[in-house]
């Protein structure tokens, strides 16, 4: 049979399963794909196909991730599931799998466990905006009061990490029953309830092209008689000829006007997210712009030097450091297109960070970078990547 052409008529949303080991994340992933494939078309996935997740590299870090696609009545979903806890940590921090929302799987028989808490904290730190809970293995709990207790515990845990615990949809079911074809409340019905929650609780994400204009500077040229051209890939939004823009980061912010957009040596009247373009800037000298700055819509993004971040430090096997680092460690932080030196302050209870650890840190950079919460960065030493991180909170 010929492979069906992928019709993207429905809006696209990225989700993933998170939660403690053996609470049923992969079984649920298989159950969702199987139940929804039968109803809306698509490929059913077996547990083993998902569990044998292939290795991929993101920012030089090896991560095992399984990708599954499925459709609901209203949307197309891309869903990530990781086999091991370390893979989740790496995935969420590097943004290899950007999630518009997460499905937290928690066993009704066990209640919240250490990784349940850690994944909720990670989701908060890396900016996963929405969490839906699937209370799994409900077929193993016959005491309604116990179910209520577990639900309460999960809601409290979500609230503790600044998610709206009281308003979070919690679906009770059994991924195993659903995967076995059970049509009851805990089986297929629960999966359809989960699909409804995904459709209604997670808003459709803004497309990159609808965002405010932002382009990291990759290169700067001077063209005699025409002025200064800055090249890069537009990260989000649209830039039209004649629009005023700001140059932000490293130096004091300045305003300029875009007088031309070039792509593949052709002149255009606008450039948009995803385009590799050259922008001609009026009255800007070549030495006024450098790699590592960004061009953006005036007032939309500010330069900062001080922030907290969640970082993963590569293990020795991943080509990272062989030794731990301590407070006031000063590596380079690679943001978008350039390195900036910064010093790391560790949490009070942490004396050192070992290769392979993840940790919350406070960073002070020596030069300001155009920064927003959720921005990803690499930590480097002499051009070699030793860690990956994400901006959790801007301090000033």
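Cβ from N, Cα, C; glycine included.
According to Swiss-Prot, the features are:
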- 19-26, 81-85, 136-139: GTP binding site (BINDING)
- 26: Mg(2+) binding site (BINDING)
- 10-206: domain 'tr-type G' (DOMAIN)
- 19-26: region 'G1' (REGION)
- 60-64: region 'G2' (REGION)
- 81-84: region 'G3' (REGION)
- 136-139: region 'G4' (REGION)
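Here the features listed in Swiss-Prot are placed on the structure.
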residue	record	DSSP class
19	GTP binding site	strand
25	GTP binding site	helix
82	GTP binding site	coil
138	GTP binding site	helix
Relative to the Cβ of residue 22 (GTP binding site), which residues of the same chain, six or more apart in sequence, are found under 8 Å away? 107
Just name the most isolated of the binding-site residues 25, 85, going by other Cβ atoms within 10 Å of its Cβ. 85
Cα-Cα, whole number of Å: residue 85 (GTP binding site) versus the residue listed as 'Mg(2+) binding site'? 13
Spatial neighbours, same chain, of residue 82 (GTP binding site) - Cβ under 8 Å, 6+ residues apart: 16, 53, 63, 64, 65, 66, 88, 91
How do the residues of the region 'G2' (60-64) split into helix, strand and coil according to DSSP? 0 helix, 4 strand, 1 coil
Specify the count of other C-beta atoms within 10 Å of the C-beta of residue 19 (GTP binding site). 26
